[in-house]
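According to TrEMBL, the features are:
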| type | residues | note |
| --- | --- | --- |
| DOMAIN | 30-106 | domain 'Lipocalin/cytosolic fatty-acid binding' |
Amino acid sequence: VVSVAAILALGAQAAFRFSACPDVKPMETFDVDRYTGQWYEIVRDKWTPFELMAGCVNVVYTKRDEKSVVVDNAGYIPLYGWDNSIGAAVRAEGRDDAALIVNFQREP
């Protein structure tokens, strides 16, 4: 089990940074219909503790209205089974672009 964890950690694409984060801009528009559906993780941040040892990590986005979606993150953890976390993503107030705020603290 430890060797599998080491291999997974070495394959992760994250690293500590000693410089500022890049200036990333959100998309100009948000098309909720194109955003919904099931998406699978391709690259993992090795410093994300809730995904440690998880496989087949995916998220399902379900449309609530034109400005928000339900977010259902899931993954398979050996010896535990499937685990998920449900939250909501809403358009950021006062923004005309596709900036979203995701909250997993309460039910959508």
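Placement of Cβ uses the backbone N, Cα and C atoms for every residue, glycine included.
Over the domain 'Lipocalin/cytosolic fatty-acid binding' (30-106), the average per-residue pLDDT in this prediction is 85. Remark: secondary structure over the domain 'Lipocalin/cytosolic fatty-acid binding' (30-106) totals 7 helix, 40 strand, 30 coil, with classes taken from DSSP.
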